[in-house]
Amino acid sequence: MAMSKIVSLTGLLASASLVAGHGYVSGVVIDGQYYGGYLVDKYAYSDNAPDTIGWTTSATDLGFVDGTGYQSPDIICHKDGAPGALTAEVAAGGKIELQWTEWPESHHGPVLNYLAPCGGECSAVDKTTLEFFKIEAKGLIDGTTPPGQWATDDLISNNNSYTVTIPTSIQEGNYVLRHEIIGLHSAGQKDGAQNYPQCINIKVTGGGDATPAGTAGEALYKDTDAGILFDIYSDLSGGYPIPGPEVFSA
């Protein structure tokens with residue numbers, strides 16, 4: 001079979017895997033303490049769901065937001081995202097381990113992390129007023145052989161978890177942490193990229209005086225961005241341009 005046909009078949013199989021279960025952030029660990037997240041496949045159907053630090057969402061299918069939703073509020077903290085009632089405290093410079101329920105191996109792509117100051121209690125914030133600055137991102141790790149090794153592969157190998165460090169220089173206060181996977185397994189075609197944004201409320205303590213400029217959630221991406229419209233089954237020797245704003249550095 002010709003290589004082009006093999007690559008096409010690989011892409012087709014990856015698209016078919018959409019029926020496979022995606023995951024979500026079920027909880028986080030901060031300084032040894034576990035905080036439960038919003039269990040969308042359970043709490044969305046309950047009249048007595050507990051308060052959590054995780055934002056609620058209507059994405060009970062564990063689905064995604066694609067390029068057609070990049071200018072809608074759904075891209076901010078997933079479909080119909082609404083603030084969690086609780087907030088977890090973390091020291092500036094501290095680490096947050098985000099635990100996913102699962103992640104499909106075929107759904108290769110980057111992992112990105114943003115913060116947005118709430119300007120008050122995050123439980124009452126209007127998500128459309130949030131302005132996000134990127135604090136960390138990982139994309140293509142090894143592109144020797146398509147579809148390559150990606151940040152999602154490392155997440156899977158780390159027991160479906162990802163750890164992000166809060167910058168030491170930012171002002172203390174209440175923030176929304178926007179943690180996101182972008183699945184690129186179908187991104188060779190327009191609106192094929194799949195965004196899975198997950199949001200939690202945190203309070204940063206002991207920080208510095210930095211107030212990084214941010215970007216509204218609906219302005220983070222365009223469906224034609226080089227890191228959004230990207231074929232992972234082609235030659236990857238040129239690397240991968242991580243989409244969105246540049247990572248904040250103090």
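Glycine is no exception: its Cβ is also placed from the backbone N, Cα and C atoms.
Candidates considered were Cys77, Cys122; the recorded disulfide partner of Cys118 in Swiss-Prot is Cys122. The Cβ centroid of His22, His107, Tyr196 marks the Cu(2+) site; residues of that chain outside this set whose Cβ lies within 8 Å of it are Gly23, Leu62, Phe64, Trp103, Pro104, Ile181, Gly183, Gln194, given in sequence order. Ranked by how many other Cβ atoms sit within 10 Å of their Cβ, the disulfide-bonded residues Cys77, Cys118, Cys122, Cys199 place Cys118 at the bottom. The two recorded residues, His107 (Cu(2+) binding site) and His185 (O2 binding site), have Cα atoms 5 Å apart. Using a 10 Å radius centred on the Cβ of His107 (Cu(2+) binding site) and all shown protein chains, the other Cβ atoms total 25.
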